[in-house]
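Trainee: Have a look at the structure that comes next, please.
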């Protein structure tokens, strides 16, 4: 049955849906933004230099002199962070003890500063840290610098690995348990693990708890987002997507504000965790998805939710309508509930191709979005300001996307966004020495990938059928989470070549952008419910945006078989879901489609 038609009877976007979106969908973005990127500040690496025990008494009042006496400089005049002069500092101390404060200030030109550059060794007694930005971080507490700096990258890698595993499990839970219990189970685990990490006693205990947080972060937004998409009609899916992403970007901006106020890593960890317990106040407000309930055969629960929806929306629905609806739901359910797995995403040729393409684009988007967010501190200057700017530049893009997604459709917006973002990232190789231009190109790249991330979940949710929607989106995001596992390593390699990560990420965006041209347009379409309806959605090839103008008949479908790219015998409404040509495409694309059709008729 067409659930979107049922929604029209009870209110496709009334007060009920608005309450759910405002009370759950918007606040649900905060845990993702807070827990995904707070680690950049919790494990921030401040400026540091070698500690010289003999010179400790002079460090507070004569820091510049101490550095000049003990720390070598590079060609740009910056002090080394991991090396020191190999000198007899006890003799230097005896000399300094007989100098007056005025003479100590003038020691910049003293013979003590003339040191053989070959007498340079690695730090022997630990480090001093610049605490002007961060009074305490994980790096400072456990000395994760120099030869141990890879531990910071390792934490990000394991955090990404946790996201991959957690997404895989979440994909089954969201379709097995439902949207509501899966969301709250992951939310509780996320808050408890993150808060517990504030009391970690060593690096490895902190690393283990951060891994548990990583299990939940990428998946925590999926459940309320999918639920919102399934509660509204086709014409309001863009609204849900835009609002969700605005909330996420505001979460990034709010995180920058929290970090500005709370900079000790233990207090910061608690500040981004404990307040999120307030989300459990929505436990009795958030409903289960009636669309999912119908798909799994729980028709009575679905009818009860639809009754509440109609009452809150102020729609009068007769008892006769509800009785007929329940009878129809019972008739459309199979005798035995079906269980779906990942293999169902690859059984049909069309579904298999769409799954692979969506997964490739998701991989590119996830890798680049996370990579650019991690890259912000490398731009230099105030790290908190850079992160704030990286989140704030996303907001203007949504104002353009809102009408754009409704007029131009999903696919072309996705292609253009990824292409612009990719070109901006690659172009940084031409302006490595110009900090202002680098920052501008970085912001353009961040805007491009942010736009793409708005469109992709919307497009994927409209392509995957209801029975495997959570599983399909989770599978694509699970594979995509392999990107954040390797991106920190690429960023770490970028210490030697600053623009290397941007070049790699830009190339990924360009490849993913062109891959999006194969996907069909979904603007204004009803959500496919079954695997057969999903298989009936054809691909579009490159620049030709037209779907098949003629839908195969039932007999044709039956004769050709699912294995050769056609669906099996399907309901009449499923067979006509995607038969129109060029919907949502720019006029030039429609011209190309008309030429293609004329050539086909000639042949």
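Indices start at 1 and increase along the chain as displayed.
Cβ from N, Cα, C; glycine included.
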Trainee: With the ranges 296-317, 318-339, 384-405, 538-559 to choose from, which does TrEMBL describe as transmembrane segment?
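Mentor: Here TrEMBL associates transmembrane segment with the stretch 384-405.
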Trainee: In TrEMBL, which of 123-143, 207-227 is tagged transmembrane segment?
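Mentor: In TrEMBL, residues 207-227 carry the label transmembrane segment.
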Trainee: Suppose you had to name the range TrEMBL annotates as transmembrane segment; which of 497-519, 566-588 would you pick?
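Mentor: Here TrEMBL associates transmembrane segment with the stretch 497-519.
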Trainee: Taking residues 6+ outside the transmembrane segment (207-227), which of them lie with a CB under 8 Å of any CB in it?
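Mentor: Answer is 20, 24-25, 28-29, 31-32, 35-36, 39, 154-155, 158-163, 165-167, 169-171, 174, 179-180, 182-183, 186-187, 189-190, 193-194, 196-197, 200, 240-241, 244, 248, 286-287, 289, 457, 461, 469-470, 473-474, 477, 481.
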Trainee: Test of understanding: applying the rule of at least three C-beta pairs under 8 Å (pairs 6 or more apart in sequence), is the transmembrane segment (183-201) touching the transmembrane segment (239-261)?
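Mentor: Counting Cβ pairs under 8 Å, fewer than 3, so no.
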Trainee: Answer yes if the transmembrane segment (356-378) and the transmembrane segment (412-431) have at least three CB pairs under 8 Å among residue pairs 6 or more apart in sequence, and no otherwise.
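Mentor: Touching, yes - the transmembrane segment (356-378) and the transmembrane segment (412-431) meet the threshold of 3 or more Cβ pairs under 8 Å.
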Trainee: Kindly say whether the transmembrane segment (471-491) and the transmembrane segment (412-431) touch, using the definition of 3 or more Cβ pairs under 8 Å where each pair is 6 or more positions apart.
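Mentor: Judged by the Cβ rule, the two regions do not touch, with the required three close pairs absent.
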